[in-house]
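Features as listed in Swiss-Prot:
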TRANSMEM  30-50  transmembrane segment
TRANSMEM  72-92  transmembrane segment
TRANSMEM  98-118  transmembrane segment
TRANSMEM  139-159  transmembrane segment
TRANSMEM  170-190  transmembrane segment
TRANSMEM  201-221  transmembrane segment
TRANSMEM  238-258  transmembrane segment
TRANSMEM  262-284  transmembrane segment
TRANSMEM  345-365  transmembrane segment
Amino acid sequence: MLYYFLRYINEMFNPPGMRVIEYLTFRASAAAITALLITVFAGPSFIRFLKSHFLEPVKEEAPEEHRKKKDVPTMGGLLIILAVEISALLWAKVDDPHVWLIMLAVLWMGLIGFIDDYRKVVLKIKGGLAGKYKLVGQVALGLVVGFYTWNDPAFSVLLSKTSVPFLKNFSVDYGIFYIPVVIFIITAVSNAVNLTDGLDGLAAGNAAIVTMALGLFAYLGGNAVYAGYLSIPFISGAGEIAVVSMAIVMACVGFLWFNSNPAEVFMGDTGSLALGSAIAVIALMIKQELLLPVLAGIFFIETLSVSMQVAWFKFTKWRFKEGRRIFLMAPLHHHFQLKGWPEQKIVIRFWIISILLFLTSLMTLKLR
């Protein structure tokens with residue numbers, strides 16, 4: 001909204017330097033700074049409020065080190081959501097469908113996560129919101145995003161097609177499977193970020209790295225010259241996604257100010273589901289969802305570790321009448337915890353891997 005006000009001032013009075021408001025790089029930077037300032041300065045009072053109402057419940061099977069965190073408040077994802085939504089409203093073109101679809105995803109899945117956290121923390125219902133209801137929420141978001149992007153003229157150029165990493169001028173057409181694919185990706189990615197949120201700073205740091213890469217792809221894909229040169233899909237208006245992406249990145253960085261070890265607050269499902277859905281929706285809109293197994297490799301591996309653990313345990317229980325495990329505990333970060341790795345070392349090493357995957361994803365722009 002501030003964007004529209006400043007543009008009006010520019011058109012009416014043409015003050016020196018005001019034309020900068022039209023530049024995506026300026027607005028993306030402004031959104032990033034705004035999100036960072038909101039999280040850092042609102043954080044202390046926000047945490048005090050959460051601490052008086054919402055303390056993190058600790059699972060009985062959690063590692064010993066994790067049990068020490070029973071007095072740390074959760075639902076800190078509300079702070080991330082607040083920072084992202086305010087920054088997007090101020091600096092992005094909110095009438096652009098790319099922008100409001102991301103904002104909708106963050107709000108909707110943030111609400112689903114909040115209900116889950118509230119049931120666990122306040123109502124003391126073990127397990128929180130039943131998985132089937134979370135799935136209903138994820139499917140509902142997938143249907144909205146899928147049907148809207150299928151029918152809206154702003155997305156009609158590529159429609160159900162998507163780009164394939166490493167292959168030049170090659171696309172895959174989902175056809176009638178487009179909407180089911182959208183639902184699957186939103187569900188998978190939001191759950192993956194949720195599973196990764198188990199150590200101080202792990203989910204927020206990796207989400208920031210992944211979203212920064214997607215924001216860069218959005219900026220390049222929204223420019224016809226850059227998109228043509230790099231042989232990636234040109235998405236008219238996708239540059240606005242970069243503005244919201246940078247707000248998400250710096251909201252996560254600001255959250256890390258309080259969430260880094262030892263954490264003063266956890267994001268909870270409120271934050272992890274919101275961030276995961278935002279990553280999925282951004283990737284889908286810029287036609288880079290097939291890059292996610294590489295770019296979001298940490299989230300992918302964490303999810304795979306859980307799937308492998310459950311499948312192997314069930315198979316061995318059926319085959320040998322005794323359940324066996326591949327990992328000491330899943331998700332994978334808990335396996336390393338039980339092997340004696342310090343929490344900070346696990347988180348930093350996972351961040352380093354994410355940065356490596358970030359750079360690998362950028363290499364796909366030319367390895368075609």
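Using the three backbone atoms N, Cα and C, a Cβ is placed for every residue, glycine included.
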Intrachain neighbours beyond the transmembrane segment (170-190), with Cβ under 8 angstroms and 6 or more residues off its ends: 105, 109, 135, 138-139, 141-143, 145-147, 149-150, 158-164, 233, 272-273, 276-277, 279-281, 283-284, 289-290, 292, 296, 299, 303
Within-chain partners of the transmembrane segment (345-365) [C-beta distance under 8 Å, separation at least 6 from its ends]: 165-166, 199-202, 205-206, 209-210, 212-213, 216, 220, 230, 232, 261, 291, 294-298, 333, 336-337
Top partner of the transmembrane segment (201-221) among 30-50, 72-92, 98-118, 238-258 - counted as Cβ pairs under 8 Å: 238-258
